[in-house]
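Listed in TrEMBL:
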type     : residues  : note
DISULFID : C153-C186 : disulfide bond
DISULFID : C154-C170 : disulfide bond
TRANSMEM : 20-42     : transmembrane segment
TRANSMEM : 62-84     : transmembrane segment
TRANSMEM : 91-115    : transmembrane segment
TRANSMEM : 233-254   : transmembrane segment
Amino acid sequence: MHYYRYSNAEVSCWYKYLLFSYNIVFWLAGVAFLAAGLWAWSEKGVLSDLTKVTGLHGLDPVVLVLVVGIVMFTLGFAGCVGALRENICLLKFFCGTIVFIFLLELAVAVLAVLFQDWVRDRVKEFFENNIKSYRDDIDLQNLIDSLQKINHCCGAQGPDDWDFNIYFNCSSESKSREKCGVPFSCCIPDPAQKVVNTQCGYDVRKKSKSQWDDQIFIKGCILALEAWLPRNIYIVAGVFIAISLLQIFGIFLARTLISDIEAVKAACSYRPWPC
């Protein structure tokens with residue numbers, strides 16, 4: 001008489017529902033990002049005329065929100081369904097995408113350290129392109145204003161960068177009231193003023209440069225960001241490590257669940273009865 005020993009392999013419910021819980025957060029966050037992005041586009045009339053997106057020369061922050069939302073929604077959906085249905089294909093897609101994003105983040109961080117001059121030039125070029133489109137998109141305008149107010153800076157390398165914008169350009173052809181000025185976010189705030197003076201930057205660059213620092217920030221935002229990074233290196237490193245650990249945790253859960261499912265399938269293939 002022959003005795004057969006069959007594997008007791010089974011899919012861990014602990015890993016299965018932990019991965020589902022992990023991904024439901026991704027999925028809900030993706031839904032929130034998508035809803036916010038579509039609402040912002042509807043308010044700007046982009047949904048009725050998509051050419052407004054392609055016509056903008058700078059960055060529309062809503063596009064970034066939508067891209068993040070699509071990625072999170074897709075990954076969350078694949079992870080949730082893959083975990084509940086024990087679908088290896090969806091789980092491998094989820095795991096592979098997380099690994100790709102993690103390696104991409106790592107590569108960007110390393111390249112940013114190794115090629116600082118090249119990164120600085122690209123950031124400068126990016127900032128100047130967005131200065132050109134400052135008045136073309138309200139979200140971009142608010143983003144630049146927030147960046148300048150928070151970092152006490154003006155322009156990419158200085159206030160003269162606002163010559164790239166047709167409304168603030170100092171050329172004789174310009175008929176704008178804002179000619180040779182800067183946005184109000186470049187102005188040094190007056191603690192005594194309770195209402196923001198949005199015209200504080202008018203004609204300021206018509207004055208001699210020695211008088212600028214009494215009225216506006218003269219440091220460029222690239223220099224301000226370069227000074228901000230060393231002061232907050234532990235915060236930046238902490239955020240990067242936290243995101244990396246979350247990604248590694250997701251990869252671990254997915255790989256463990258895939259291994260469990262494959263082990264159960266392998267055990268079933270040796271059994272004389274169906275699993």
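Glycine is no exception: its Cβ is also placed from the backbone N, Cα and C atoms.
TrEMBL labels come from automatic prediction, so no person has curated them.
Note that the structure is a prediction, hence the values are computed from the model and not measured.
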Inset, instruction - List nothing but the one residue from C153, C154, C170, C186 whose Cβ has the fewest other Cβ atoms within 10 Å; the candidates are the disulfide-bonded residues. - result: C170
Inset, instruction - Measuring Cα to Cα, tell me the gap between C170 (disulfide bond) and C153 (disulfide bond) in whole angstrom. - result: 20
Inset, instruction - Round to a whole number and give the Cα-to-Cα distance in Å for the pair C186 (disulfide bond) and C154 (disulfide bond). - result: 5
